[in-house]
Amino acid sequence: MAIATPTSAAPTPAPAGFTGTLTDKLREQFAEGLDGQTLRPDFTMEQPVHRYTAADHATWRTLYDRQEALLPGRACDEFLQGLSTLGMSREGVPSFDRLNETLMRATGWQIVAVPGLVPDEVFFEHLANRRFPASWWMRRPDQLDYLQEPDGFHDIFGHVPLLINPVFADYMQAYGQGGLKAARLGALDMLARLYWYTVEFGLIRTPAGLRIYGAGIVSSKSESVYALDSASPNRIGFDVHRIMRTRYRIDTFQKTYFVIDSFEQLFDATRPDFTPLYEALGTLPTFGAGDVVDGDAVLNAGTREGWADTADI
């Protein structure tokens with residue numbers, strides 16, 4: 001989803017009719033000639049494999065090697081199995097077409113290349129039709145540990161392996177379908193929180209202990225350690241009502257992680273019609289990202305050490 005904020009208000013060489021969030025990376029691509037002929041109405045484009053540089057492939061290898069060494073025993077088995085099934089490797093930025101051959105056979109999903117963040121309704125439309133929009137470009141070598149918007153490593157390494165799992169794949173499609181409805185009902189803030197605390201930063205309980213499944217964690221060296229090992233954050237049992245009222249942080253480690261018991265639990269949470277829930281929750285105050293409230297199934301209350309004081313989203 002579109003979570004980054006627009007950059008400066010300088011003139012932008014965007015194609016006529018462009019309605020997306022103008023981030024630095026999009027401005028850069030428009031300035032380099034990305035136009036309405038290259039960029040389709042649904043914001044997709046051909047993966048420009050000819051534009052990957054040696055530095056791009058080296059960055060992929062560096063990031064891949066770090067996570068490959070770190071994630072066994074931290075990432076959930078379903079993620080690791082998906083990574084193996086897709087045949088993703090350290091060799092360089094993968095071909096989306098090659099990954100799609102395996103992905104389509106497994107769950108009917110496909111990756112579509114996009115230049116960056118896309119408008120919410122476009123994003124939901126893709127998910128509802130089992131298409132995952134992935135940024136084609138790679139972060140710079142000086143951005144290995146943080147960048148403002150998701151790049152190809154975050155989107156492909158972080159998100160795509162779980163799309164091999166049938167239950168998670170169904171959840172993502174249901175989320176897209178729900179997003180289209182939420183947009184009409186003015187409830188995108190609540191649904192965005194569900195995405196953030198599950199797809200991006202979710203943990204899962206397993207017989208071997210807590211494991212990571214959120215893409216924002218599995219694609220990050222430092223948060224892969226922090227999410228499981230640090231005493232600072234809260235870890236709270238999954239509750240869709242609670243999550244939809246909980247604000248979040250985009251610029252630092254999470255103050256709270258929500259823990260599911262299974263992907264089936266996650267999928268089942270999307271089955272009901274959310275319309276009455278939106279109406280009920282819309283009248284209630286939101287919670288801060290680090291709040292622990294009555295009724296929480298608290299696995300551990302964080303020490304709050306190192307928490308930033310600036311505002312949540």
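Each position is counted from 1, following the chain as shown.
Using N, Cα and C of the backbone, Cβ positions are placed for all residues, glycine too.
According to Swiss-Prot, the protein carries these features:
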BINDING   His154, His159, Glu200  Fe cation binding site
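Sequence features annotated in Swiss-Prot and their locations in the structure.
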residue	record	CB count, 10 Å
His154	Fe cation binding site	21
His159	Fe cation binding site	22
Glu200	Fe cation binding site	22
